[in-house]
């Protein structure tokens, strides 16, 4: 592809490829840190790992400014409506990463009366990051997997 650009001065591609490339390079995450996994999420954003290299530069505090929610930690029954409300306020297209055993399926507190057994019962999840707590490398790998999923989606519906 590079040789074609150097010789001809242009490349040909599809609209889907360009839009999906732009989406993968500008993920704006919103924190939904609920427990100890949030510490690893902050660790991934710090200087050593710097998820800004992967397009997730700044964690947003407002759901209207973000398109990626990282649910990190134990989701209790009282917090579940707030999670859904914040998810509904996010702009389209929106994605969710479930980070840690507790967010994935209840984890250590799976049999507790007050714990939701997986945030996928409340919001649709795109990528699951396992671990208790998962490392910063695992979260970065999850972001890379989400970027690959975004690249495979179709923006324009073919009729």
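Every residue gets a Cβ built from N, Cα and C, even glycine.
Not measured: the values here are computed from a predicted model.
Pulled from Swiss-Prot, these are the features on record:
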type: BINDING; residues: 36, 37, 102, 132; note: [4Fe-4S] cluster binding site
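Feature annotations (Swiss-Prot) mapped to structure.
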| residue | record | Cβ contacts under 8 Å, 6 or more apart |
| --- | --- | --- |
| 36 | [4Fe-4S] cluster binding site | 73, 100, 133 |
| 37 | [4Fe-4S] cluster binding site | 72, 73, 99, 100, 102, 103, 133, 134 |
| 132 | [4Fe-4S] cluster binding site | 100, 101, 102, 107, 108 |
Seminar exercise, completed: Cβ density check for residue 102 ([4Fe-4S] cluster binding site), other Cβ within 10 Å (all protein chains) comes to 29
Exercise. What three-state secondary structure does DSSP assign to residue 36 ([4Fe-4S] cluster binding site)?
Worked result: coil
Exercise. From the centroid of the CB atoms of 36, 37, 102, 132, the recorded [4Fe-4S] cluster site, which same-chain residues not already listed sit within 8 A by their CB, in sequence order?
Worked result: 35, 72, 73, 74, 99, 100, 101, 103, 107, 131, 133, 134
Seminar exercise, completed: Per DSSP (three-state), residue 132 ([4Fe-4S] cluster binding site) is coil
